[in-house]
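Everything below concerns the one structure shown next.
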Amino acid sequence: MKGQPLIPFAIIAIVGLLLITILSFVGLSEREAREAEENGEGTEEEVVEIDDPITAGEELAQQSCITCHGGDLTGGMGPDISNLEGTYSVEEIQDIILNGYESMPAIPVNEVEADAIAQYLLSDQ
Ligand code: HEC
């Protein structure tokens, strides 16, 4: 029987083709999901509101600012930012955080978070 061994090969080939088709669909939908996530979540993150900006700002400052401005924000490698009242407005501090300032790099937080940090820095706490 000459043709016999061809049958298993044909089955393997068909299974292989099916797998390739299935995998590429899985890959496509995963990529779509990822893209949707990137587009969707990116904007969603910016609209997220913070109930208590001062408390949230304090936590964020602990995470993002103390490495350079010192544990109590009174200065480290960067200047003292514990007493900015009268020097900067909330908007100006937000701008510094988001875009950097002189030798300070931009900090990877979103607008709402930067606003919360700025409010915290200008609060009495
Ligand atoms: C990588 C180090 C680094 C990090 C992190 C950092 N800063 Fe700075 N920051 C600096 C340096 C350095 C300066 C001084 C810039 C200059 O004048 O050249 C500065 C300056 C500032 C100033 C201006 C101060 C003044 O007296 O004019 C503000 C406000 C400020 N930082 C806020 C923040 C806040 C808020 C965060 C956290 C969200 C933060 N910084 C995180 C390094 C840093």
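Note that Cβ sites are derived from N, Cα and C of the backbone, with glycine treated the same way.
Copied from TrEMBL, the annotated features are:
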| type | residues | note |
| --- | --- | --- |
| TRANSMEM | 6-28 | transmembrane segment |
| DOMAIN | 52-125 | domain 'Cytochrome c' |
| BINDING | C65, C68, H69, M104 | heme c binding site |
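Features recorded in TrEMBL, as mapped to the structure shown.
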{"residue": "C65", "record": "heme c binding site", "Cβ neighbours (10 Å)": "21"}
{"residue": "C68", "record": "heme c binding site", "Cβ neighbours (10 Å)": "17"}
{"residue": "H69", "record": "heme c binding site", "Cβ neighbours (10 Å)": "21"}
{"residue": "M104", "record": "heme c binding site", "Cβ neighbours (10 Å)": "17"}
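Residue counts for the domain 'Cytochrome c' (52-125) under DSSP, helix first, then strand, then coil, are 38 helix, 2 strand, 34 coil. Residue annotation for heme c gives C65, C68, H69, M104. The furthest Cα pair among them is separated by 11 Å.
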